[in-house]
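Swiss-Prot has this to say about the protein:
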type: REGION; residues: 1-22; note: region 'Disordered'
type: DOMAIN; residues: 73-320; note: domain 'ABC transporter 1'
type: DOMAIN; residues: 412-622; note: domain 'ABC transmembrane type-2 1'
type: TRANSMEM; residues: 431-451; note: transmembrane segment
type: TRANSMEM; residues: 466-486; note: transmembrane segment
type: TRANSMEM; residues: 512-532; note: transmembrane segment
type: TRANSMEM; residues: 543-563; note: transmembrane segment
type: TRANSMEM; residues: 572-592; note: transmembrane segment
type: TRANSMEM; residues: 680-700; note: transmembrane segment
type: DOMAIN; residues: 758-1001; note: domain 'ABC transporter 2'
type: BINDING; residues: Gly794, Glu795, Asn796, Lys797, Ser798, Gly799, Lys800, Ser801; note: ATP binding site
type: DOMAIN; residues: 1071-1286; note: domain 'ABC transmembrane type-2 2'
type: TRANSMEM; residues: 1095-1115; note: transmembrane segment
type: TRANSMEM; residues: 1166-1186; note: transmembrane segment
type: TRANSMEM; residues: 1208-1228; note: transmembrane segment
type: TRANSMEM; residues: 1245-1265; note: transmembrane segment
type: TRANSMEM; residues: 1361-1381; note: transmembrane segment
Amino acid sequence: MSEQEKGKGDLDDPNSKNTKCPDKFEQKVEEYLEVLNELHLTGRTSGFCMRNFTVEGAFNPKFQIRSFFAQLLHPINIIFRTGPKRDIIPLVKGFDGYLQPGSSLLVLGHEGSGGSTLLKALCGIVEENERLNGSLHYDGLDYKIAHSQFKADLSYCGEGHSKVATITVRRLLEFVCSCRLPASKYDHPRSHYIRRICEIIRDAFDLGDFYNHRILRVFNSGDQIKVDVAQTMCARPLIQCWDNNMRDFDSISVIDILSRIKVLSHKLGTTLVAIVSQASDRIFHMFDMVTLMYEGEQIFYGPTSRLKPYFLDLGFIPAKHSTTVEFVTSLTYPEMRIINKKHQGFIPSTPAEFRECWLRSEDYAKLIKFMDRYEENHSDIHAFKDAKFDQTRLQKFLRWLNSNPCLIPYRLQVFATAKVTFFQYLHDYSYIATFVFTYVFQALMLGSLFYNLRNESSELYSRGSVLSNAIVFTAIQTMSEVDIIFLKKSLFKEHRVQSLYHPSAALMGSSLVEFPMRIVVVTMYDIIVYFLSDLKRNARSFFIFYLFTIVITFCMSAVFRFIALLSTTAEIAALIGGIGALVLIIFCGAVMPVQYIGWWFRWIAYANPVNYGYESIMLNEFDGREIPCSLMAPAPDTAPIENNFCLATAGRTGTSIVSGYQYLQVVYQYKADFLWRNCGIILGFAIFILASSLILANFIRYDRESVHIPEFQKRKSYSQVASSFLIEPQDKPPSQTEPDNKKVDVSTTLSTNDNLVLCWRDLNFTVVTKTSKKQILTNVSGYLKKNTLTALLGENKSGKSVLLRILSQRGIAGSVEGEITLSGLKNPKNLRKRIGYVRKNPLFISEYTVRETLRLHAALRQSKQRSLSEQYAYVEYVIDFLGLGEVADFIVGDMGKGLSLYHKRLLSIAVELSARPGSILLLDEPANGLDSQSAWMLVCILQKLARSGLSILCSVSQPSSRILELFDMMLILDLNGNTVYYDTMGRDLSKLVNYFKRIHGTNEHSKDTADFVLHCIQFLKQGPEFDYAGAWASTNTHKQIIEHVNFIMDNPELTDDDFPNETRFMTSFFFQIYKISMRNFVAYWRDSSLLRARVAFNIVAGLIIGFSFYKQGVGVEETQNKMFSAYMLTVASTSTMNGLQPKFIYFRSIYEQYEQNTAIYSRTAFIIAFFLVEAVINCCFATLFFFGWYYPSGFYEFNHNIPFYGGFAWLMLMIFTLYYTTLGIGIATISPSIGTASIISGTAFVFIQYFNGMIQLPGVIVGFWKWMDALSPYKYFLEGMIGGVLHDAPITCEKFEIHYVDPPPNYSCGEYFSSFLNSSGHGIVYNPEAYSSCQYCPYKNADELMVGFGYHYNHKWRNFCIMIGYTAFNLGAAIALYYIIHKTPWKRLAARFVPD
């Protein structure tokens, strides 16, 4: 018998009982095997063998916070090599071990010990900064070959891995199965086997009909892990690695899931490697082999039966009642080791010494002997390689055998990804509705604005405007591809690791689905716009227009997908996308004809597909059109037509008809022969970019990750930090804030003088849905007294979190009945402030340090009677008390970055303590996901807090006996929310054990008392075989507790007078704004990628607009180009407006999920503080934009008073910056997600800018929309801006802009035009003394040209004040809307709390 077989745990063993899967599951697995046999897909197995295997990473081990300025200097550091050097650090050092097919391995070690890195390396997931050394082979097949050609056989499932969120279980499993079922000839169609396999797997995991129509996004965590296992079962990997996926589950659920995985491993012969936090003895003995890692060093590898004896022989002894896992993981914490004093030999202390002892041990020698034997059986590597290829020949398409790790041909990959994309959109109703609404709404807006255009020369501008807006809108809407691709990048990475498909196949498949969707909405858009605006009414013209909008959509969709693939971060993608949209609009030919673009940028116009599309639809509309003149000049009523001309661009003398083609030649220099040529050019662009994207997709790295390194803030001393902008000047160390330098005792500081008793009686909680009514809590009663630590136990969905939220008075949707008192006082004032509550996964500002986070909460939540220095001194005592001193200046970070999970849990406790809530503290599963030793240390800290005077109620889901012994009392709930135990537990948990022995009628129980208790809890869900709640209710202990609860409530020790009349918030409104503004500013300052993207956009956009209109002349068309230069400022503002919304929604999520319920600050202060920081940042960056735009555009050349006009233009830009900042905040306030905010922002921008005076001239706006002309803020901004920069700017007509006409006999040109000039009020005759060939220019200065757009220079200060009013209105509306939406029932329903 092999060593691994000896190490296997017996399922009937007391330490592993009740780990057997349901019979239904084993039956379904047998059915699954029958199908695989029928398909000839069984018999493939593989183990692995590692020898001196090392994973090295290159990084800077002391990674300081890089602020915005530091990031700006980063390129210089790279060039001159002045930045921090990267060290090569071994993450996994010299790992030895092997695992036979069908066996299982448990990887132990504290967080950061290298376990996750080992599992990823085993599955071929190696990051850019990592490299593998040593030997690793899979039954003789070298890891380099396996990782490149057989990656699909290696499955890694990490915590929080990506899924297709808007798809049903059935469709997901069919997708995975279709990607892993070879394209061979079978007895039945391939689709038949796919459906059959998926039905079996869904039945096996109880994911039947109820889940078929539910998308994965609404699943709870328990169902999600079932889906993960089912997905892995469909993929049929040879080696499975599970990286702590079950960290949020209770032990019962973990055992259930692992038992299913074990059965699959045994039946299919797959090899299992797993990391399980807080593994009980039952879980531990489910594995065959175990390895223990200590800071990257392997200090044990062998059968599970040898783990504990090995370390006992080394001279260590376990703590009382500790599990095997607790014992061995405690050895990786030097302060937790218990040394056997009778041991005579050497006792290791450092990781290197543990490693040396392991290398000299007999267990290591046995391991090497078994490894040698294993390698001998697979010594002929090449022969096994050939055999391996022979075994997989059926499972690979022959042409791809030696190069492609995917099992199906490319065309089937495209089909599978297209199918899953289709169903993904089919179930994403909100996206489809928003997608269609956006196109239809914009079409109705544009079509109605240009409704029924007349065939007159006065509407030549309008006809061109509707065409330009139509083509630009369809192009700009494809920018959503950037967001779509970025959402899919993590999915691409995961599926690429699993070798389900090539990323290029997914890109092609999604294009095949999304492009027809766009064709549908573009068709609707084109029909509405084309026929409402009365463009050329014939079939040929319509279908040409339709064709070019379609090809432009296709081309620009490919362009923005290419941009998203090239971008490494969302900020870079937004930057490139924003610049791309700006360039697309400027150089499309509509804003400025190509001939006016400087040679330095003209190549961009030729590389812009929209330019060719605009040219073609303009030719399609104007070529062959004869347009009657709206106004003949100068004397149509008194002089013959030969002495008049048409006052329109391209108007001719002696005729009242304007040729549409002549108009295009004069204004744009378009040629009719280019119409179909342009179509070919656009398609060429599209095909080239699409092909480039498909090639690029297979070679770029998705979702790059780096080694987890905490970031810290460099602090030389407290006094230096106090002088910086990060911390207030009052901030000083305790020795400086207290003149007498008196040391405050920690225990006294943390305890309180009150003896508050939290008491609750007959609590019931019910959640009502559309289809059912569920009782979560049923008649729960109890109390918390001082110096007591109480455990709250129960399965998932038993109501633990609900009870804690009700007791803490945190918001929860549902019906609550019962009484809650504080020392007998019902409904005391501000009860929420007197109870500390640590939620399950609290959210903090990731850019803040630990110390800064605690100081913020102390300053905002402690009483105003304490000075800021006292509050900060108290924070230092909390840091010392909880042992956070070493990480006090580390960045908190996000998921997977920043602080370790253990320190984040300590931080959540420290935050509540720093607020000094009172003597009551409630915690919702604070130890979840921690390793056994970290969980024990955290509960020890809770015990220490309880002994210092706090009353603590803490829910736990994966306790061990050693952890349970730290509690004083235990409250157990069943799945119906009934109390089944609430009492002390006795010495060594004897009272608790005896109670459950008595009601079960047994005298035996597991050696692990916690296992026995959890085993009893497991029976609570197996039906009404026994009334556990009734049994407890009949006990004397329960009756005594109820009597005590009644006594407390009937004899209150407090009155309302005992509580001071406090306001809802502890601090003043302005202090809240100040502290939150400083917090937000620090977060922005340290989120350097965001600020870099913004500053780069403002500089680049300003320079692009400025130099696009550089050295424009003084002709009519060139002056109009300068007006469009100012118009482009409004277009550029949309990128900044969209850029602030993700940050607002991020801050809002923290506020709504955590800070709001703790009454830290008001929502008004939240919005104003966010606005102040955004206003400062945006105004600073807008100033950079202004200089890049104003001076290259040459506006200063026309102003005789440069300081005033330039200063006024800057002032208008600043108030406009504040306007769109508040507009973006207001839209984000009412938006549930970033995507929705982006869509609403785009729709609002287009709606407002349609009435800015430059899209449709005010004089020809249809009657229905005339009211919007007076309401558009962009109209007032552009009027003020353009009036300021172009006031008194002279106009000298170019030759083609001058109208030539002969006056009647005996009339000079001046005499002939005098009446017309007086009546029209604009224009100039260049040769008034001449009697022939009069030269008339329509405008003599820019002010006359601006009048046609409805702009007047004299309105400049009025416009400035109106913009101030709009800004104030937006800010007030944002505050009001946030309050209204938060208070409405549907908002509470949308934020409904899902019980645990």
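Glycine too: its Cβ is placed from the backbone N, Cα and C atoms.
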Legend entry - Taken over the domain 'ABC transporter 2' (758-1001), the model's mean pLDDT: 85
Legend entry - Fewest Cβ neighbours within 10 Å, where candidates are the binding-site residues Asn796, Ser801: Asn796
Legend entry - Stretch-level contact, the transmembrane segment (1208-1228) and the transmembrane segment (1361-1381), CB cutoff 8 A, at least 3 pairs: yes
Legend entry - Spatial neighbours of the transmembrane segment (1245-1265) far in sequence, C-beta under 8 Å, 6+ residues away: 442, 445-446, 448-452, 458-459, 461-462, 465, 469, 473, 1123-1124, 1127, 1130-1131, 1134, 1137, 1271-1275, 1277-1279, 1348-1351
Inset, instruction - Return the stretch with the most CB pairs under 8 A relative to the transmembrane segment (1095-1115), choosing among 466-486, 512-532, 572-592, 1166-1186, 1361-1381. - result: 572-592
Inset, instruction - Within 10 Å of each Cβ, count the other Cβ atoms and name the one among the binding-site residues Lys797, Lys800 with the highest count. - result: Lys800
Inset, instruction - Determine which residues of the chain contact the transmembrane segment (1361-1381) at the Cβ level, with the cut-off under 8 Å and only residues 6 or more beyond its ends counted. - result: 1163-1164, 1167-1168, 1171, 1212, 1215-1216, 1218-1219, 1222-1223, 1225-1226, 1229-1230, 1273, 1276-1277, 1280, 1387
Inset, instruction - Please classify the secondary structure at Gly794 (ATP binding site) using three-state DSSP. - result: strand
Legend entry - Stretch with greatest number of CB pairs under 8 Å, the domain 'ABC transporter 2' (758-1001) reference, 73-320, 412-622, 1071-1286 candidates: 73-320
Inset, instruction - Mind checking which residues of the chain, 6+ beyond the ends of the transmembrane segment (680-700), have their Cβ under 8 Å from one of its Cβ atoms? - result: 492, 502-504, 506-508, 511, 548, 551-552, 554-555, 558-559, 561-562, 565-566, 609, 612-613
Legend entry - Same-chain residues near the transmembrane segment (431-451), Cβ under 8 Å, at least 6 residues beyond its ends: 166, 425, 462-463, 465-466, 469-470, 473, 477, 517, 521-522, 524-526, 528-534, 1235-1236, 1239, 1242-1243, 1246-1247, 1250-1251, 1255-1256, 1261-1262, 1264-1265
Legend entry - Other CB atoms within 10 A, centred on Gly794 (ATP binding site): 26
Legend entry - Cβ-Cβ neighbours of Gly799 (ATP binding site) (radius 10 Å): 26
Inset, instruction - Look up Lys800 (ATP binding site) in the DSSP assignment and reduce it to helix, strand or coil. - result: helix
Legend entry - Cβ neighbours of Ser798 (ATP binding site) where a neighbour is any other Cβ within 10 Å: 29
